[in-house]
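**Q** Pasting a structure here, questions to come.
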Amino acid sequence: MEGKNILRTSPMVPRANGKKLLWFLVIPCLLCVLGLITLRENAQGGKVLAANTHSSLAIPVNVIQANQGEASNEIVLPATLQAYDESPVYARTNGYVRKWYVDIGQRVKSGELLAVIDAPEVDQQLLRARAMLSQSQANLTLAAVTAKRYQELIADNSVAQQQVDQNNQNLAAQQANVAAASADVANLEQQQIYEKVIAPFDGIVTERHTDIGDLINAGNSGPGAELFRVSRTSTMRIFIPVPEEYSQQIHDGMHVSVELTELPGQRFDGQVTRSTESINVSSRTLMVEVDVPNPAGKLLPGAYAQVHIKLFAPTRPLLVPAGSILFQSAGPQIAVVTAEHQIELRKVTIGSDFGNTVEITSGITAQDSIVANPPDYLVDGMPVTIQGHSGNAKGQASHA
């Protein structure tokens with residue numbers, strides 16, 4: 001019986017050992033598979049975490065694109081109206097004001113009498129000079145007769161040649177005396193003409209500094225020397241300092257318009273007549289003269305005016321808002337958002353300043369996405385997220 005039992009149980013021993021061996025093979029494989037799955041999930045989780053971290057560090061920004069402005073723009077420059085001609089009127093002789101005939105605001109014609117000056121000394125000197133001229137003429141007549149008589153007597157040797165020469169010399173001296181006396185009379189007559197103060201040209205009397213009985217000294221020195229001031233206002237003259245950046249677009253004959261605050265809604269046409277053709281090194285401006293017809297007399301000398309000048313640029317300007325420019329130690333820069341959503345600070349060159357908008361001549365293109373109102377802490381490579389896109393930068397280059 002025991003032998004039978006031994007024979008029955010002996011085949012079961014190898015079967016149990018096979019199951020153990022199978023478990024030893026399966027369990028490590030399962031552990032390896034589980035480990036690989038865990039590593040894969042950890043790797044994917046790390047990528048998600050990194051992405052979330054990058055997203056949390058990115059700065060939200062609003063972007064815009066530069067605007068292509070118009071090829072023509074208008075600048076407005078301040079100016080002061082001046083009379084085309086303005087002249088102070090002085091006395092040319094000494095005396096007292098007998099009467100004045102015009103006052104401020106009156107229009108006068110060229111040569112019109114403004115005032116009369118009493119100059120008794122000149123009148124007396126003229127009388128004396130005329131008397132001296134008459135005396136000189138009488139002496140000349142006598143000298144001429146005497147010289148002729150002696151010239152006839154010398155023919156038959158009745159007189160000496162020396163006497164003839166002396167009489168001829170006396171005749172020449174008397175001729176010189178008459179010429180000198182005539183010059184004195186002409187000078188005093190001219191001074192007597194100066195007793196009448198006349199207008200130098202057609203215009204309007206803008207100042208009067210004299211009254212009846214005032215003592216007048218000839219010339220333009222001393223207090224109260226100026227009697228009147230006359231201005232020609234049929235055409236007004238304006239001198240405008242044009243900034244250097246616009247100087248190449250200014251030329252003779254171009255038309256401008258003039259506005260005055262006291263005449264709202266009215267514009268007066270003017271024309272550039274000349275310029276200095278030279279830049280002032282102190283102000284960096286080109287001095288330009290504009291003439292404005294003023295037939296109705298609405299424009300007054302000394303009035304403040306605004307001159308509108310329409311300029312035509314060879315290319316359309318690239319405009320950005322003034323707030324989009326960063327002014328740092330490296331110079332003016334604009335923050336551009338790259339395709340990788342990173343900041344790229346670009347150095348730019350500023351052209352014309354139109355107030356709300358600024359012209360950029362180099363550094364960016366119309367296709368670049370630029371940060372609107374960038375903070376000062378932006379640096380190259382900083383990640384950003386685009387929060388909004390405002391399209392083109394709006395702004396009209398209509399004022400300077």
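Count begins at 1; order follows the chain as displayed.
Glycine too: its Cβ is placed from the backbone N, Cα and C atoms.
So TrEMBL has the following annotated:
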type     : residues : note
TRANSMEM : 21-39    : transmembrane segment
DOMAIN   : 89-221   : domain 'Multidrug resistance protein MdtA-like barrel-sandwich hybrid'
DOMAIN   : 126-186  : domain 'Multidrug resistance protein MdtA-like alpha-helical hairpin'
COILED   : 150-191  : coiled coil
DOMAIN   : 241-309  : domain 'CusB-like beta-barrel'
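Can you walk me through where each of these features ends up in the structure?
**A** The residues of the domain 'Multidrug resistance protein MdtA-like barrel-sandwich hybrid' (89-221), classed with DSSP into helix (H, G, I), strand (E, B) and coil, number 70 helix, 27 strand, 36 coil.
Per-residue pLDDT, averaged along the domain 'Multidrug resistance protein MdtA-like alpha-helical hairpin' (126-186), amounts to 90 for this model.
Same-chain residues lying 6+ beyond the ends of the coiled coil (150-191) with a Cβ under 8 Å from its Cβ atoms: 92-93, 119, 122, 125-126, 129-130, 132-133, 135-137, 139-140, 142-144.
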**Q** Summarise the domain 'CusB-like beta-barrel' (241-309) as counts of helix, strand and coil residues per DSSP.
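**A** Going through the domain 'CusB-like beta-barrel' (241-309) residue by residue, I get 6 helix, 37 strand, 26 coil.
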